[in-house]
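K.L.:
From Swiss-Prot, here are the annotated features:
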type	residues	note
ACT_SITE	115	active site, pros-phosphohistidine intermediate
BINDING	9, 57, 85, 91, 102, 112	ATP binding site
């Protein structure tokens, strides 16, 4: 099974959307294997968004992601990286497909509620930034036989 990294950004936390967002992934059948609320330091934010260093929006992105608490999580399931991205919707909420998290809750590209890894490689890197291996829990769920063949 694949794992991916998701983060409810400060706007999602401040607006009280944590539970609704987590529920969408659980209802889809994905298993949460790591979950924590945290305040991201500037150093961690710069490492996380390192691929954007030097771009005009980099400092604003780092400022925003460190402006309040976030909820970091790792979810597991079949094709979870691709499907989670589809569930989140386009980066710009105004262009996101109806029913996606960003279309439902977002109103501005700079306040788009959630981050999700865009590839397996990114997921592994981001999980390593935000979680120690002992913080990720492997466990069996009774419902898995009803979700996967």
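Glycine residues also receive a Cβ, built from the backbone N, Cα and C atoms like all the rest.
Describe the structural context of each listed feature in the structure shown, including burial, neighbouring residues and relevant distances.
P.N.:
Long-range C-beta contacts of residue 115 (active site, pros-phosphohistidine intermediate), restricted to its own chain and to partners at least six residues apart, with a cutoff below 8 Å, comprise 5, 6, 7, 9.
All chains included, 13 other C-beta atoms sit within 10 angstroms of the C-beta of residue 91 (ATP binding site).
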K.L.:
Could you state, as a whole number of Å, the largest distance between Cα atoms of any two of 9, 57, 85, 91, 102, 112, the listed ATP binders?
P.N.:
22
